[in-house]
Amino acid sequence: MPVLSNPSFYLPLVDITPFLENPHGAAAQDVIESVRTACKSTGFFQIKGHQVPLRLQKSVFEASARFFALPLKNKLELDSRKTVGFRGYDVMETQSYELEFGAVQEADALRDIKEGFFIATDLPPDHPHVANGRFLQGPNVWPKPEQLAPEDFQSVLEEYYTEMQRLSHVVLSLLAATLPYGPHVFDELETCDPMSLLRLLHYPRGLEKQDGKKLQLGAGEHTDFGTFTLLLQDEHPGLEVQDSVTGEWHGVPPQEDVYIVNVADILSTMTEGDYKSSVHRVWNIKSNDRYSVVFFYDGNLDYKVKPLRSSGQDENEEIDAPTIEEHVRSRLTASYAI
């Protein structure tokens, strides 16, 4: 077990190569133990040895910069609030995590100073999930070819999305190995076209400001809604994670070819809070535009969000537990007031 100088804040960089090569080997056990300890401390850890090509990582940042450099009128043609399945352009200052639990009135909420772009599994209009109006299900939308060539944007994002699906399966296998429920504990979560979202984010320089006693940030204080998140940062710092014991904020410096993995609310519920879904924020403190690429893994829409240890034991708990679709719909729509 890792020796922690600060037990309430452990955010390691873990080379997962031994786990990929032999998940039952002695070296893999060290990987598993580091991840388990991190999940119980901060719910955040960093991974290298993930086999995502560095070429592709750089390409997705280049594609992101191309899209956000388009004229606003072109981006607004893809406004995600007007598309099927919430795909497309995430307009600047539309999301506020303050709105989630009714802490403030909509008119008083500080909006995040960021813009984004969403894609997910590309489903045609006649797919049952789309035809039945399932949440976040639909076809992806793209800029017109004359605005942004498909090979410079669409093809890059589609390749990256496929790679994140692969890495998500690896991370789920690693997380399963940290738990006492066996290697198949997440099998049901991964069935039936599991829901996941890829989100490009752009935090413009110099717009964050103080509003009375509150900071208007690139992304306000929040926990992630889903099962876990895979984050790729550019070279500019900004992500901060809160120590749940001391309340202190800790920056997570960017590192090339490194992914940040964080436990989100669904996995925390599954483990009855043993694995932490920690509060974090983005503060673009440098005078540079900042970009990040986020992959939110949620899972099977019909999966019940409940503790793993009680699966199949309490019929009332099964009935009362929300599905992943219900949980994510509630959280996401509240943060956008839609």
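Cβ atoms are placed via backbone N, Cα and C, with glycine included.
When the candidates His129, His169, His280 are compared with the Fe cation site entry in Swiss-Prot, which names His222, Asp224, the shared residue is His280. For the domain 'Fe2OG dioxygenase' (193-299), residue counts in helix, strand and coil come to 6 helix, 50 strand, 51 coil, using DSSP. The separation of His222 (Fe cation binding site) from Arg290 (2-oxoglutarate binding site), Cα to Cα, is 19 Å.
Packing around Arg290 (2-oxoglutarate binding site) is summarised by its Cβ count: 24 other Cβ atoms lie within 10 angstroms of its Cβ, all protein chains included.
In sequence order, Phe44, Glu221, His222, Thr223, Leu239, Glu240, Val241, Gln242, Asn262 constitute the residues six or more apart from His280 (Fe cation binding site) in its chain with CB-CB distances below 8 Å.
With a 10 A radius on its CB, Asp224 (Fe cation binding site) counts 24 other CB atoms from all the protein chains.
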